[in-house]
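Here is what TrEMBL says about this protein:
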type     : residues : note
TRANSMEM : 17-34    : transmembrane segment
TRANSMEM : 46-69    : transmembrane segment
TRANSMEM : 89-110   : transmembrane segment
TRANSMEM : 149-169  : transmembrane segment
TRANSMEM : 181-203  : transmembrane segment
TRANSMEM : 223-243  : transmembrane segment
TRANSMEM : 255-281  : transmembrane segment
TRANSMEM : 306-335  : transmembrane segment
TRANSMEM : 347-369  : transmembrane segment
TRANSMEM : 389-407  : transmembrane segment
TRANSMEM : 428-450  : transmembrane segment
Ligand code: PFF
């Protein structure tokens, strides 16, 4: 009884587009909306975008295909999938499930902040033009002992309710609503942003490459961004792929999903940077851009109240379609392997992950003095262990597994639906998965360990 529907079979995606939207939903998230524009700014604008594209082709598509193929071949969760192909490789899947557990615990804390800001935007409480005041407001929210935990709970409950509904009735249905809404909202925001006087500087910032800025650091940053942004390295796409029917065109999906993710990252850059420049702000790092600079930008705009609501709805949808995929990785494992009912597993796991997230939230306030790993508090420790260690390691091991242990010939057989489908790039993909991708990832991994 594994993730079964009423007729006793394993659940499957209801449609091809349902799978694409759910998988793209997993990929499109906080990583695209605030990280990409900032990384581009930090790393020479268009130069970064160019390198990102190269990395996307060399590693992004390669791993996306590898994960989906393993998932569909085995029709199992991340751990079960590795075990089915090679018994003693199950631990690699376990690393992925662990990563999902940890990432969701702090992703949900940030999702809680987004929810809190949406509530603020809805009540008109964000009509403040002074970045300093907004900065204090953000600081107050995240350092409070109770409010962020309350919103963390709300975000987790929203995640849980979707996953509770299963693959077709929960994740696919939610993605089919939220992803189109997300596209519409981001296009409205881009149109607003690029038509502001002075917006051109922001467009230039994103697209005009400054080649003198390309160095090994930029290349490695771009590779890391491809990884996190595409939800690769922790068996998320193995899990989503496991609900695919045998006639899906995997090579096509493995191209479409990264393309959608990249389009949204570029659109996010086009929504964020022109507006930031038009109002004379500096593109600030990380959370600052979303929670401080952006409300200030909106407050200065005509109809800014509506745009700020739209913006936080957009961020919330993006975060939710990613958080459900993180929870699904863990739920699928418990349902498949421990034979626990999906509904019970979902509620229990969401509750445990919520509890694990509490120290991450408190680490911005009452527990700020507690250091867990070096000088990192709980939040930063969770982020470091998962993003910098578990994901790259998981991706590297996936390449070795598919390229050398299982074998690319078997993977290609699965990817081409037993030869029924033409997979022209098979030799090229095999080369990438055996040699290029693992070497590239190994470099990032070593560098992230050095710091
Ligand atoms: N891809 C998501 C983002 O860009 O925000 C984050 C993420 C989701 C990473 C799911 C890993 C994952 F399995």
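For all residues, glycine too, the Cβ spot is worked out from N, Cα and C.
Where the transmembrane segment (347-369) meets the stretches 17-34, 149-169, 306-335, 428-450, the count of C-beta pairs under 8 angstroms peaks at 149-169. With a cut-off of 8 Å between Cβ atoms, the residues of this chain six or more beyond the transmembrane segment (149-169) that come close are 3, 5, 11-14, 18, 104, 108-109, 111-116, 243, 319-320, 323-324, 327-328, 331, 342-343, 346-347, 350, 353-354, 357-358, 361-362.
Comparison of 89-110, 223-243, 255-281, 389-407, 428-450 by number of C-beta pairs under 8 angstroms to the transmembrane segment (17-34) places 255-281 first. At the 8 Å Cβ cutoff, the transmembrane segment (389-407) and the transmembrane segment (89-110) share at least 3 close pairs (sequence separation 6 or more) and count as touching. Panel annotation: around the transmembrane segment (223-243), residues 3, 10-13, 19, 22-23, 26-27, 29, 31-32, 35-36, 39, 52, 55-56, 59-60, 63-64, 67-72, 74-79, 81, 93, 95-97, 99-100, 103, 167, 250, 257-258, 261, 265, 322, 325-326, 328-329, 332, 386-387, 390-395, 398, 440-441, 443-444, 448 of the same chain, lying at least six beyond its termini, place a Cβ under 8 Å from a Cβ of the stretch. Beyond the transmembrane segment (89-110), the same-chain residues lying 6 or more positions past its ends with a Cβ under 8 Å from any Cβ of the stretch are 29-30, 77-83, 148, 152, 155-156, 159, 233-236, 238, 287, 319, 322-323, 326-327, 329-330, 333, 353-354, 356-357, 360-361, 379, 382-383, 385-387, 390-391, 393-394, 397-398, 401, 405.
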